[in-house]
Amino acid sequence: MPLLDSFKVDHTVMKAPAVRVAKIMRTPKGDDITVFDLRFCVPNKEILSPKGIHTLEHLFAGFMREHLNGDSVEIIDISPMGCRTGFYMSLIGTPNEQQVADAWLASMRDVLTVQDQSTIPELNIYQCGTYTEHSLADAHETARHVIEKGIAINKNEDLLLDEKLLNL
């Protein structure tokens, strides 16, 4: 099985909260697709709660689009990582890390303005696979954590995993 790019970076030295360009691809028609690692938690030291990450998934996807989409950027998808330490964001365009960090920070401020769980978008049996598994309180706690710590930038060259550690 091929080694995925996300496993070629050293998770023991990753900063969080932090933005990292995980991959840039060019389509056959010439469009750039950028995948960002939006790391909310320090790997193996912090973790997002299942209910909190689910609520963030519903809120973060919309708020990031409000703050980042424009003439040269369109978000395709924002999905939680299986390890529950962050999200991957795929988009058309090549915004820089600081633009993404600014949009992320603004989105966390927006999360804090949501005061009633009943106003979370798509939180119903028809549009959500586990609509009862949400926590606005946990999402607020995560948003406050990101705002208080600020958002750093992780560079791939600083995180390159030593080849001796690959496929242990």
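Every residue gets a Cβ built from N, Cα and C, even glycine.
According to Swiss-Prot, the protein has these features:
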- H54, H58, C128: Fe cation binding site (BINDING)
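Cβ atoms within 8 Å of the centroid of the Cβ atoms of H54, H58, C128 (the Fe cation site) belong to the same-chain residues T55, E57, I120, E122, L123, T130, Y131, E133, H134, site residues excluded.
Long-range C-beta contacts of H54 (Fe cation binding site), restricted to its own chain and to partners at least six residues apart, with a cutoff below 8 Å, comprise P80, T130, E133, H134, S135. When Cβ atoms from all protein chains are considered, those within 10 Å of H58 (Fe cation binding site) total 19, not counting its own. Listed in sequence order, the residues of the same chain lying 6 or more apart from C128 (Fe cation binding site) and placing their CB within less than 8 Å of its CB are H58, E122. In the three-state DSSP scheme, H54 (Fe cation binding site) is classed as helix.
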